[in-house]
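Peer 1: Encoded as structure tokens, here's the structure I'll be asking about.
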């Protein structure tokens, strides 16, 4: 695959790339690395899976992939005790493997990187960062409106992780953008290269809120049973005639139409009979109110259950 084709492939379902020209230069290298960090969370859901899809795309483009399990960062962010977070981390790693990353994917626990050299670099980076900048960087990452001192270390540590892991690309959801911009600013001042940053859209929660989140319960987990998936989608926010910011339509976009050119909507003849639609046709049909939300939900449930079957099977057998 040539460079322009690789960039186009990487750019698919991406909110932004900072900067595209830098990405093109990276693609010319024989050795190139991309990383993403996750706080250990109770359940790995479709929001996480969208990011893992991007890591698989980068893997296919020749990047060595590191999945950084940020247990210490989560501890600083008041997400639990270290013992609790370490247990959740084991489960999360199993989930990420279930999503189809290659065998050579590197999984690293944040607490394993706490060398004296790393701590010294954190101190140096802290001297280049104001309290206000650190707090702004945490705004979309923390649940709290006010931050303690430990939380202000979080974005500084994350910026240093990029260098410490020798990553050329930092991947994350849009909530990570301010931290990544901090990294692009302070790493060169410490004598290190700035990362290319790839930001993934945030999937709406099943309740229609801005973000699918383990803590809010508005998610579909990658190891949910078929019954759980169907129940969650049936209860999902899905306003009639509205496709924008509709979580059910988003699931169709990211997890059905990425592998299907058309989908089959099965319904009784008295309700219009079966439909076979492209994504564009589905959007138009739904916005014209020629498709009932329940027919949409039933169809998306069927395809999503099928899509997640390999992950469920992996989780059951490993």
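Heads up, the Cβ atoms here are built off N, Cα and C, so glycines get one too.
Feature list, courtesy of Swiss-Prot:
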BINDING   35, 154, 158, 161, 176  L-tyrosine binding site
BINDING   214  ATP binding site
MOTIF     40-48  motif ''HIGH' region'
MOTIF     211-215  motif ''KMSKS' region'
Peer 1: Excluding the flanking five residues on each side, which residues at least 6 beyond the ends of the motif ''KMSKS' region' (211-215) place their CB within less than 8 Å of a CB in that stretch?
Peer 2: 41-43, 45-47, 143, 175, 202-205, 247
Peer 1: Counting only other Cβ atoms and using a 10 Å cut-off, which of the binding-site residues 158, 214 scores lowest?
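Peer 2: So among 158, 214, the binding-site residues given, the one with the fewest Cβ atoms within 10 Å is 214.
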Peer 1: Sort the residues of the motif ''HIGH' region' (40-48) into helix, strand and coil with DSSP and give the three counts.
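Peer 2: For the motif ''HIGH' region' (40-48), the helix, strand and coil counts are 3 helix, 1 strand, 5 coil.
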Peer 1: In which DSSP state, out of helix, strand and coil, do we find residue 35 (L-tyrosine binding site)?
Peer 2: strand
Peer 1: Rounded to the nearest Å, what's the C-alpha distance separating residue 161 (L-tyrosine binding site) and the residue listed as 'ATP binding site'? Just drop the number here, would you?
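Peer 2: Cα-Cα, rounded: 24 Å.
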Peer 1: In angstrom units, rounded to an integer, how far apart are the Cα atoms of residue 176 (L-tyrosine binding site) and the residue listed as 'ATP binding site'?
Peer 2: 17
Peer 1: Between the residue listed as 'ATP binding site' and residue 158 (L-tyrosine binding site), find the distance joining the two CA atoms and give it rounded to the nearest Å.
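Peer 2: Their Cα atoms are separated by 21 Å.
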Peer 1: Please list, for the motif ''KMSKS' region' (211-215), how many residues fall into helix, strand and coil according to DSSP.
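Peer 2: Tallying H, G and I as helix, E and B as strand, the rest coil: 0 helix, 0 strand, 5 coil.
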